[in-house]
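Annotated Zn(2+) binding site per Swiss-Prot: Cys73, His76, Cys144, in sequence order, evidence recorded as sequence analysis.
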Amino acid sequence: MSLEQQYTAILAQLGEDVSREGLVDTPKRAAKAMQYLCRGYQQTLEEVVNGALFSSDNSEMVMVKNIELYSLCEHHMLPFIGKAHVAYLPNGKVLGLSKVARIVDMFARRLQIQENLTRQIAEAVEQVTGASGVGVVIEAQHMCMMMRGVEKQNSTLVTSVMLGHFRSNTATRSEFLSLIK
């Protein structure tokens with residue numbers, strides 16, 4: 001059964017008239033939207049980075065902050081929306097600037113929990129760059145908590161993963177955290 005057919009079945013199960021004007025193309029649109037929102041499954045880290053790794057003598061912190069992200073909670077398939085802050089300490093190589101955002105998007109465009117998303121991003125940046133440390137903080141609002149359940153409209157989940165010097169060196173961690181404020 002195709003994704004489109006499954007959306008038709010869901011609408012019918014909800015009691016909707018799937019032949020009414022406003023819903024005629026909804027299953028097709030919903031299937032296309034879901035495929036787009038989950039396109040990270042069709043991407044690999046190698047494809048996303050695409051060789052954009054450059055030699056550099058810089059060993060100071062490199063950070064991209066306020067990277068918008070949109071993902072779907074794996075428990076309810078509802079969106080969570082937020083921003084990621086990603087930093088690393090180069091160890092002879094720097095990553096093309098847009099590639100940090102593309103790594104975030106690749107993992108965010110999968111059914112996820114934010115805790116795992118944060119770790120996947122950190123480990124991918126570490127793997128690709130060979131950095132001596134990586135820090136990732138994600139702040140996001142979860143529709144599964146805002147639209148249903150406890151219905152808390154102003155809640156934000158904050159997660160962090162610190163690897164290498166970001167974990168072992170308090171000054172590095174503090175510098176990173178102060179830069180994202």
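For all residues, glycine too, the Cβ spot is worked out from N, Cα and C.
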In the same chain, outside Cys73, His76, Cys144, whose C-beta lies within 8 angstroms of the Cβ mean position for the Zn(2+) site? Leu72, Glu74, His75, Met77, Leu78, Phe80, His142, Met143, Met145, Arg148
CB contacts under 8 angstroms to Cys73 (Zn(2+) binding site), restricted to the same chain and 6+ apart in sequence, sorted by sequence, are Pro79, Phe80, Leu111, Gln112, Ile113, His142, Met143, Cys144
Other C-beta atoms that fall within 10 angstroms of the C-beta of Cys144 (Zn(2+) binding site): 16
